[in-house]
Amino acid sequence: FLVTFSVLIFSTYYLNSELNFNYYYFVLLIFVGSMFSLNFSNSIFTMLLSWDLLGISSFFLVLFYNNWDSCSGAMNTALTNRLGDYFMFVFFGLSVFSGYYFLSFSMFSSYMSLLLLLTAFTKSAQFPFSSWLPKAMSAPTPVSSLVHSSTLVTAGLILLMNFNNLVLQKNFISFVLIIGLFTMFFSSLASLVEEDLKKVVALSTLSQMGFSMVTLGLGLSFISFIHLVSHALFKSCLFMQVGYIIHCSFGQQDGRNYSNNGNLPNFIQLQMLVTLFCLCGL
């Protein structure tokens, strides 16, 4: 609620000159409603409906600027997440066929646990489904702040936390740990050579999601949740600060073109320092 409220206020500053501003607000509110529904769902059917609404609304949000870059990013996001939706559909169908419901997953087989993990990996952009997160940065910065740092990418982790007993009962903990470590490693390497400022922050998000996945793979689901909440608050704050810099630079996103003469306002510099320290765990 706090992040959403902040992003909605920031959107009025960032996108007030856009003609289809009301359309943006409408799709964003649909996205937020489906995310809340996913968090509070008590059945697989509502979870499946919310999961699908997340994918559809995020597709239209990435497509907001209506250019070729947005189209490429939106299609990459939609198709990768649709792959995860297929895993979810199979999981849903097998669950209904077996006569199980949300709170009674006591005797699941390994392949259903694997389906659940693959579903979570696609939505949380874990390897090998990570390409859609940097591509989705063609969306407006408020969308990146809300959707691609604090809500959509956390949906897979929230799903694994809901089915924590199911995953921990099977021999998939080491699998989750290795995937999380590999995601952290290669996203950190990619961010060293990235030139787009927003994509650098997106790759940082990818690394933090990998860190949460590692914590979950160690069996520390509560600590993973705490890290998820703190990352959502401070990474969305960082995205809004980067959005302010881009807005004041007339849409310039290439980090090599920013001068280092200290022409940023002092309160923005102070906010970025505090945010980066919090993300570093200091």
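Quick reminder: no glycine exception, Cβ is built from N, Cα and C everywhere.
Automated prediction, rather than curation, is the source of TrEMBL annotations.
The transmembrane segment annotation in TrEMBL covers 23-41, 48-66, 86-103, 141-160, 172-193, 213-234. TrEMBL lists 41-282 with the feature domain 'NADH:quinone oxidoreductase/Mrp antiporter transmembrane'.
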Contact set, same chain, for the transmembrane segment (48-66): CB under 8 Å, 6 or more residues outside the stretch = 20, 24, 27-28, 30-31, 33-35, 37-38, 41, 73-74, 77-78, 81-82, 85, 88-89, 92, 123, 136, 138-140, 143, 147, 152, 155
Long-range neighbours of the transmembrane segment (172-193), counting only residues six or more past its ends (CB under 8 A) | 110, 113-114, 117, 121, 125-127, 130, 134, 160, 199-200, 203-204, 206-207, 209-219
